[in-house]
Each structure stands twice: as C-alpha cells, then as structure tokens.
C-alpha cells in the first residue's frame, strides 16, 4: 500500500479504512489556471459602489472581494430561481415577471418585495 500511496498519480485512490473496508481518499483541491479571475465582477466597480456609501470610510481589498463574490452568488441564485419560473411557463427566456415570481416564491428574497414594486418608477 505504501507503493500505491507514493505513486503520486493525483487521482483519487482507495485505501483501507479502520475496519478494513475500502475508502476513497479526498480528491486534490482545485487549482486555478494562471491568469484566471477569482471574481467575475470588476473589483474596481464594486469598490466604487462601496465608497459611494457615506457610512463607509475604509474598505480593505479582502472585504471588496468578499462583497463581489457575495453579489455573484446572489445574482446566480436569483437567476436560477427566476429561470425555474420561466420553465414553468414553458419559456427559456427570462422576463421581469419571472424575477417577480421568484421574489414572491422564495422567502429569502422577501427583502426585495418593496424594491420590486418601486423599480418601474426608477427606470423611467
């Protein structure tokens, strides 16, 4: 077994567990390719939005990155839920009503209900 562990193939392998049964080892942690972006949102834009808040005096680069990542996850989540609403209507294209339906259907989006009502007046 020592020879198999020393092979360094980089692929998950089975090892004997405490009771003698085969247990798959953990896969290696994913690595990012050189030049790959950790955030899909432009950090300079996120920083500008954070600095626009009069209550914020300083914002570290780590905080900006975490806020950008949280925004990405939020947009991904609401988009997936809105897409489910579109699929229920047998459509593949998201429409405003799909976002409204997702906001109404998912409790975690309840904080957006008042905002969704005022959005049309903000756009005109």
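Including glycine, each Cβ sits where the backbone N, Cα and C put it.
Now, the feature entries from TrEMBL:
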- 40-103: domain 'Transcription factor CBF/NF-Y/archaeal histone' (DOMAIN)
- 1-37: region 'Disordered' (REGION)
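Per-class residue totals from DSSP over the domain 'Transcription factor CBF/NF-Y/archaeal histone' (40-103), listed helix then strand then coil: 45 helix, 0 strand, 19 coil.
In the predicted structure, the domain 'Transcription factor CBF/NF-Y/archaeal histone' (40-103) carries a mean pLDDT of 94.
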